[in-house]
Protein chains: 2
Amino acid sequence: MIDFNPILEDIEPSKEEVVKVRGLADKLKDIINKNANKLNINAEAVLLGSVAKNTWLSNGNSEEGKGLDIDVFIKFPLTTSLDDLKSQGLELAHKCVDEADGTYEERYASHPYLTGFIEGYEVDLVPCYDITDSSELKSAVDRTLLHTLFVVDNLGAEQTREVRLLKRFMKMVGTYGSEFKVGGFSGYLCELLVIRYGSFLKVLEGAIEEWKPGYRIDLMNFGTGAQFKDPLIVVDPTDQNRNVSAALTLQKMAEFRVAAGNFLENPKKSYFYPKTLKYDRETLRDAFKERKTHSVLLAFHTPNIPADALHPQIQKTEKSLVKILENEDFKVMGSDSWSDEENTGIILLEMNTWKLTPFRKYSGPTVWDDDNTTRFLKKHPQSWVEGERWFTLTRREYQDAESLIQETLTPGGIRNLRVGKHLKKKLLEKYNLVDVLDLLIAEDADEDVMKFLYSYLHKNELLTRD
Amino acid sequence: MIDFNPILEDIEPSKEEVVKVRGLADKLKDIINKNANKLNINAEAVLLGSVAKNTWLSNGNSEEGKGLDIDVFIKFPLTTSLDDLKSQGLELAHKCVDEADGTYEERYASHPYLTGFIEGYEVDLVPCYDITDSSELKSAVDRTLLHTLFVVDNLGAEQTREVRLLKRFMKMVGTYGSEFKVGGFSGYLCELLVIRYGSFLKVLEGAIEEWKPGYRIDLMNFGTGAQFKDPLIVVDPTDQNRNVSAALTLQKMAEFRVAAGNFLENPKKSYFYPKTLKYDRETLRDAFKERKTHSVLLAFHTPNIPADALHPQIQKTEKSLVKILENEDFKVMGSDSWSDEENTGIILLEMNTWKLTPFRKYSGPTVWDDDNTTRFLKKHPQSWVEGERWFTLTRREYQDAESLIQETLTPGGIRNLRVGKHLKKKLLEKYNLVDVLDLLIAEDADEDVMKFLYSYLHKNELLTRD
């Protein structure tokens, strides 16, 4: 096995960083508690999340994408009304950002909270109820308290490094994150897996030896796992009726299994670092050309909704477009979608069939069914009998996929499409349907789009390292 | 309802014809009986079939295709050995043809018999056992005796005209004949239907009101119909374990139902006369062109086997070719086959897909299945995970249908084809694969082939009259 220490040096926060982050957290807590006292608000700030659990990845290495979130929650007694919790909680949060000289965004998870940008860190300031058991739960964010407590109590000091290795590995192979865009493993899930299996390597071995769709982990032996139909079931040790792994897709569960197998078979340090994807316009163009399919990109402006609402909408629309095309006999070899989560969404459709013959053979009622036969023959006088059934040729409405896609995106046609209302509005406003080969001729082809196309052509790219 | 008398005048044999046919039959019987006596053979000639039953259609109107068969059977006592029956029966038959100044062909149905061509008629001279019950049956031809007796006993004199109308109607709408080429209604079946329903019109009404797949007619109330799985079940009144309608296909049963409905809705004399099919090379070519499909004819020499063996072989090969094409993603819109039963067989394939993209998406094992995953990835290193399953692109062996058809007809490829050994030999010797549009350019395009193509394009043509 490889030596994990050099990796840990890169991903464990340095002493200086720990001091800085914990110092900032303490400072913010103090500000909140002081103000609560001053304003006579019965509330107390508490540090939760990966900083509290000591499982956060160093912010020094910016390659992993998103930076560190510091979770400072503002606990209210259970007797507080929800209105008071919201107003007083936000008041304290605003004052805290002000006094700490930060900026903020208002965000929403069951109720509004603030994300402050303070001293280079992102700090979530979240009002919550001070519960000790999931039966007292009043708001989904309250769970964070219980989760943090459980991990602090049950994860050995030595195991925090194992969690960090697992989270980092997950990030680098593309299976980390329970947001809809990924559908992968949450941080809490990684922690529970290390508690269950003992170490990073044992989690990988466990996944390979034991996991199958429907596999159950039940640390507290609640015996309630059978109620969940998800690919992986990890009963929440703080709530017997919740599956921590509910957001994990079969896809990401399978990908993790494959990556784990690849790593164990040939362990390499590079699994813990970003993979450099090598692509260029010409190579991409040649690859699409060689497939002799007809690939188009549908590009559109994204609506201003949270990423966790946007991605499922785009994916749903992608699947629905594929279905509409296949229902009309246009064979789709593959599809994918992408968004920068700010302005642009893209759906890729790679078609095996782009043009069709003008007629479609269509089956009607049996000859014994008089009423339906009469109706069918009235509509299709040129029918014939095959076996006991009427058949006819109908002229296709769409002889090429492009006209079908375009018709689907008109006000009249879009009711056939499964599409959320926000995205629907944007699609009806404007879209761009462009041939991938044409796009890859342009010398200023967008870098993100090229990366997306490369990932489409090399779907398993991140699961392995050479 | 229309007046059937003018039709009956055309299809009922004239008095002169009756005298002539019955006279010929009597003469042949006399020759056989005289020779049997002379040679001391214990056998007796008997007139059977439609002439004996008085249900034959006039030979005067030659349009209906095949002429009249006179069935003269040579009955042997049940104690005769099969060898004696064969040798003595054939001897008497040969002598009979000789003395009547005819020519003959030797044919085969359970055992050899002669078809004589005498005084312009075709006469089957068939040795058989003199049985009185199906339990005594020694050879399939013996049934003819029982069938003739049953019909003579049970069909009223007035009903013979009804049988003639039904047979003629069946012929003209294309549902008459139990041979494999047609898969329609036999003469005996028509007679039983008239006995069951009473008249031509009542048979048509019965078919419309009562028939569904699995419909049973059991004149003797044997109660044995449930054992048959055929589209229509008509328990043989002379054998409770035989379905007279066994050769009737669902296709022809349905077609008859449709034709019956068409006739009753708008009765016309023309249903009893051949329909003139109007077609010419240019119109056919335009019709195929308009469909924008790719239609090819596979033409080959037919093996020298009986028509009832040839047609099923060609049909089987047609279906098998379609399956081979569709398995490789070449969509077949329709197919048909034809033979002149002498030299040439033809299979028509109308393709919606003629060329394909070079790659095919191919699914492998799930990622949990280690052994098969290892094997699969060794073969397909460029695979990826979709859901829980491995997928890969494989290069198609055949990117166009023509090369697949041609490969299938090589000594190496033909084992994928379901084809009888006689036809297989002929196909490997030589075949011709020609584009229908090319064929229809040639000014000397074969009349039979054009009629075949016309019928393919107008499948219900015969079921209705304007």
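FYI, residue positions are counted from 1 along the chain as it appears here.
Yeah, the Cβs are placed from backbone N, Cα and C, and that goes for glycine too.
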Name the one residue among A:Asp10, A:Asp124, A:Asp130 that TrEMBL lists for the same Mg(2+) site as A:Asp69, A:Asp71.
A:Asp124
Could you check which of these binding-site residues, A:Ser50, A:Lys53, A:His147, A:Lys167, A:Tyr176, sit within 10 Å of A:Asp69 (Mg(2+) binding site), going Cα to Cα?
A:Ser50
What does the DSSP secondary structure composition of the domain 'tRNA nucleotidyltransferase substrate binding' (A:162-273) look like, as residue counts for helix, strand and coil?
57 helix, 15 strand, 40 coil
Could you tell me the mean pLDDT over the domain 'CCA-adding enzyme C-terminal' (A:291-434), as a whole number?
94
At the Cα level, what's the spacing in Å between A:Lys53 (CTP binding site) and A:Asp71 (Mg(2+) binding site), rounded?
11
Quick one: pull the CA-CA distance for A:Tyr176 (CTP binding site) versus A:Asp124 (Mg(2+) binding site), whole Å only.
20
Have a look at the binding-site residues A:Ser50, A:His147, A:Lys167 and say which one has the shortest Cα distance to A:Asp124 (Mg(2+) binding site).
A:Ser50
Just the number: how many Å between the Cα atoms of A:Ser50 (CTP binding site) and A:Asp71 (Mg(2+) binding site)?
8
Across all the protein chains here, work out how many other Cβ atoms are within 10 Å of the Cβ of A:Asp71 (Mg(2+) binding site).
22
What are the DSSP helix, strand and coil residue counts for the domain 'CCA-adding enzyme C-terminal' (A:291-434)?
52 helix, 48 strand, 44 coil
Tell me the Cβ contacts of A:His147 (CTP binding site) under 8 Å, same chain only and six or more apart in sequence, or just say none.
A:Leu48, A:Tyr188, A:Asp236, A:Thr238
